[in-house]
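Asker: One structure coming up, written as structure tokens, with questions to follow.
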Amino acid sequence: MSQNKLAALIILDGFAIRDEVKGNAVKQANTPNFDRFWNQYAHNQLEASGKAVGLPDGQMGNSEVGHLNIGAGRIVYQSLTRVNVSIDEGDFYEVDAFIKSVEHAKKHDKALHLFGLLSDGGVHSHINHLFALLRLAKKHELENVFVHAFLDGRDVGPKTASKYIKETQDVMDELGVGQFATISGRYYSMDRDKRWDRVKKCYDAMVYGEGPSYKSAQEVVDDNYANEIYDEFVIPSVITDDNDEPVATIKDEDSIIFYNFRPDRAIQISRTFANEDFRDFERGDKAPKKLDFVMLTNFSETVDGYVAYQPVNLDNTVGEVLAQNNLNQLRIAETEKYPHVTFFMSGGREKEFPGEKRILIDSPKVATYDLKPEMSVYEVTDALLKELDKGEQNAIILNFANPDMVGHSGKLQPTIDAIEAVDECLGKVIDKITELGGHAIITADHGNSDEVMTLEDKPMTAHTTNPVPVIVTKDDIELRDGGILADLSPTLLDLLNVEKPKEMTGNSLIKK
């Protein structure tokens, strides 16, 4: 195979197709380059949610799920689906890591702390998994069970915390097990960009009982709302008892079960509790030691602890197939989506394949990306164009983060600005690839920026279930209907004249 063979997979993160113009940044943005490629080349749309990506029917897709399905070239049944089935069939209550955790707490008269994202968004966690853990604690007759709730407001509506707090309180009251101990917005507890000052605020509330104090979880929300601070950004707060003491703090040898299933935003805070050698901030003299730490799924090799649900092994992902065929590949993205084009695209593998190069461009250090809608798209593009000029790569996997990351703000104009910046860069990248005799697949992993405001003009910060576009920049071809994300890697391999492996049950979108 000639070394000048070139094909690219370009993922416009959070960019989907929706007819309604109102609240739709994709429709309202000026996108001359995307429109040019859509009109010039074969195009269609792909399902990127629900059963098409291994999620429950009607469940919106997300970046982790999307990149896993894309890279695997097959439908990958997601952790949400696996755990739901496990609860329904009763296996959940027999999982070794859970049993050891509750038995450890019971035997040593220690507390069991349950923490995770408190919503039914289904992107990072699901509240039903917390309820199942509370039932497990009840079954084992545990008394000291505490919930450290991370409020969402991003994968669900921005002001929905009260609903989830009430649902959780009702379950705890019904079972006679569990109390809220701390409440934090996910902005603090689930940072993934090394903003350790945020994580420390959450840690200090959970370990030292430091932070604003309230008598109930609902009071935390009410007070923050009064100051126009909504779910995602709620300041880490401590629930106190009748003596104004914290209901619970995390102490030596306590048990912790972290019920998020998606790794990327769970890693940093996990390391603060699980890793004895943690050094990213000073944890203080009373940092709890010898904790029994359980992750719902395998968050990372960098987190010490037990894993409840081990990953499903994915062989022959697109990166592995490219390496087997002695083709060079480049993975490039800015920080926010770097794990997606590397770890998730490779089926949960951290290490590069032979011939794989990775370029990480730092995302801008701003509080929220609506303040800088272009993010680092120009820097990503410049780095890629330089790499293309070298002529060393055969396959490019590129992610433009902006439509998703700015779309999460629920602010229409910044999201339009984000998409227009991406469109400018998309034009440069495709023109360069075409000049070099290569082809590209332009697509997305899920919806978001296609619905930033509701029809009632309220911010819509969650993903959507809308189909995503696919364009293949090759003349004289047609694309078939009925495509899903799992068909993208077989299509990329097709452009490179590489046979797809039997493990890839997806099929090339190019009509034969």
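Glycine too: its Cβ is placed from the backbone N, Cα and C atoms.
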Asker: Hey, Swiss-Prot has substrate bound by His124, Arg154, Asp155, Arg186, Arg192, Arg262, Pro263, Asp264, Arg265. Any idea which of Lys51, Lys290, Lys337 it lists too?
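Answerer: My reading of Swiss-Prot gives Lys337 as the candidate in that site.
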Asker: Determine which of His439, His463 appears in Swiss-Prot for the same Mn(2+) 1 site as Asp404, His408.
Answerer: His463
Asker: If Swiss-Prot gives Ser63, Asp445, His446 as binding Mn(2+) 2, which of Asp13, Asp109, Asp494 does it give for that site as well?
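Answerer: The one candidate that Swiss-Prot places in that Mn(2+) 2 site: Asp13.
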Asker: Would you mind sorting out which of Pro263, Asp404, His408, His463 (the binding-site residues) have a C-alpha within 10 A of the one on His446 (Mn(2+) 2 binding site)?
Answerer: Asp404, His463
Asker: Check Ser63 (Mn(2+) 2 binding site) against DSSP and tell me helix, strand or coil, would you?
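Answerer: Reduced to three states, the DSSP call for Ser63 (Mn(2+) 2 binding site) is helix.
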Asker: What number of additional C-beta atoms lies within 10 angstroms of the C-beta atom of Asp445 (Mn(2+) 2 binding site)?
Answerer: 33
Asker: According to DSSP, does Arg192 (substrate binding site) sit in a helix, a strand, or coil?
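Answerer: Note: Arg192 (substrate binding site) is coil by DSSP, not helix or strand.
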Asker: Starting from Asp404 (Mn(2+) 1 binding site), work out which of the binding-site residues listed here (Asp13, Ser63, His124) have their Cα within 10 Å, and give them in sequence order.
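Answerer: Checking Cα-Cα distances against Asp404 (Mn(2+) 1 binding site), the binding-site residues within 10 Å turn out to be Asp13, Ser63.
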